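The feature transmembrane segment is assigned by TrEMBL to 21-42, 151-170, 177-196, 202-225, 237-258, 264-282, 347-368, 374-395, 402-421, 427-450, 462-482, 488-511. Look at TrEMBL and you will find 76-516 tagged as domain 'Major facilitator superfamily (MFS) profile'.
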Amino acid sequence: MPSFDEVLKEAGEFGRFQKRVFFLLSQTGITFSSLFASVVFLGRAPESFWCRIPGAVELSERCGWTLAEERNFTVLPLLGGNGSLSGACDRPDVTWDTSASCASPLAAYGNHSWGSLPLAPCRGSWVYEQPHASIVSEYDLVCGNAWMLDLSQAILNLGFLAGAFILGYAADRYGRIPIYLLSCLGVGISGIIVAFSPNFTVFLIFRFLQGMFGKGTWMTCYVIVTEIVGSDQRIVGIVIQIFFTLGILILPGIAYLIPTWQGIQLAISLPNFLFLLYYWVVPESPRWLLTRKKGEKALKIMRNIAKHNGKFLSPHYSEITISNEEVSNPSFLDLVRTPQMRRNTLILMYAWFTSALIYQGLVMRLGIIGGNLYLDFFISGAVELPAAFLIIVTIDRLGRRLPFATSNIVASVACLITAFLPEDIPWLKTTLATLGRLSITIAFEVVYLVNSELYPTTLRNFGVSLCSSLCDLGGIIAPFLLFRLAAIWLELPLIIFSILAAVCGLLVLLLPETKGISLPETVEDVEQL
């Protein structure tokens, strides 16, 4: 009986069938990256808002004022008399006389000294020029509530974390395709509910669920793509990252064309329903079927692959050899029970955490400089495109470890030099920070590939999902680490990033090289790498 890799080589390791499946599943990267970075546009700070003073609504309705006129008559005169007021978070502790003159409402108060008025915090009385432009204006996430915007992104990352554990486990137990389709349905439904959430609590609950299902779509499609190609073609695991970057490039265009946050939310959520059509065109992973002792189904799929690739499997193949390893439901202990698996798991978990923390930290740091939000976001995404091409050029020549380690070391050096450059050469600081972003993007993309190559088929989806959950932990910590440390010294976060990347660059050299090696089928295969 032939092995799976022998049958795959005869059926075609990357023929027409695999190319079609690869292209279809890669679209998931566009929707996932849009969800991943959507908070930048969903949570845009309102251009103008102010606190409405009690009585102003009634007076405005009686006088027939527009919002601009209401502000000019009831807010700006009071601000002019009190230089310490901004009119956004605090207001004069007064109540407008609803019978005051529409032409000169201040006349009713005589010669009152507005500068001596006591102040009161604004509580739920904010007025926005564009009330539905972002979730900030929709749910009053301003002033004392501004921290809730950070909470919304943390909740999304918690959803990613939950999805890595729950759906990663489910995909190894129940199959790749069922969990992928379930996740696509979940992302679409929860995304619609997020768009029409009546309050911020409902928004957070379904934002969490969308993150959980979103992680399920991305990790499962990645594993399927790497499992249906030959060992020499697993570079597709890097190419699929280009579609993630493509989503980053498309997102600012969507946000520019759609003026409301609900419209943006629907635009990034509804396409997930189209992926349900893959039920009829994307088969279950034959590698996974073999681990579940379903050799006949796996062979049937392999014959279909061969047919689409213009190949022909020998009719003497009655079944494919499968490992004698007992099929069991995966657990964390399986990832650390043996020496090589334990070493790989711990190093990969640290690599995921470091890559995500530095990646998101550098993205947010570039955003601090201000400028055109749409253009700056597009340019920062375009910086990632060379990463995939650099990996494609080097990874099959130099292997996995050297580019993995080098990218981390370059990121470390770039961050360290940037931290100590003087402020009077901003172009050089920005260039080096961009080099750090490019390097950590390379590391981020390589860890996907290496992670999937270092786990056996029985544990691959669970192992990738569990290790990548540290990526979500890094995403939760990144904003707090960046802004808290930057408050002490603006460049302090860069020094922390430099240390983390340097340690990661050294640790990944301890991983086994997987260039040109068949995907391991059992834990024993991993121990022999």
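Each Cβ is built from the backbone N, Cα and C atoms, and glycine gets one as well.
Heads up, TrEMBL stuff is auto-annotated, nobody curated it.
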Where, among 177-196, 202-225, 374-395, 462-482, 488-511, do we find the most CB pairs under 8 A to the transmembrane segment (427-450)?
374-395
Feature contact check the transmembrane segment (21-42) with the transmembrane segment (237-258), CB under 8 Å, 3 or more pairs
yes
Given a Cβ distance threshold of under 8 angstroms, which distant residues of the chain, six or more beyond its ends, lie next to the transmembrane segment (21-42)?
134-135, 149, 152-153, 156, 184, 187, 191, 210-211, 214, 217-218, 221, 224-225, 228-229, 236, 239-248, 250-252, 254-255, 261, 264-265, 268-269, 271-272, 275, 278, 281-282, 367, 373, 377
Can at least 3 Cβ pairs under 8 A be found between the transmembrane segment (151-170) and the transmembrane segment (402-421), with each pair 6 or more apart in sequence?
no
If I count Cβ-Cβ pairs under 8 A between the transmembrane segment (202-225) and each of 264-282, 374-395, 462-482, 488-511, which range comes out on top?
462-482
Mind checking which residues of the chain, 6+ beyond the ends of the transmembrane segment (488-511), have their Cβ under 8 Å from one of its Cβ atoms?
343-344, 347-348, 350-351, 354-355, 357-358, 361-362, 365, 400-401, 404-409, 411-413, 415-416, 418-420, 436, 440, 443, 450, 454, 481-482
I'd like to know the mean pLDDT over the domain 'Major facilitator superfamily (MFS) profile' (76-516).
83
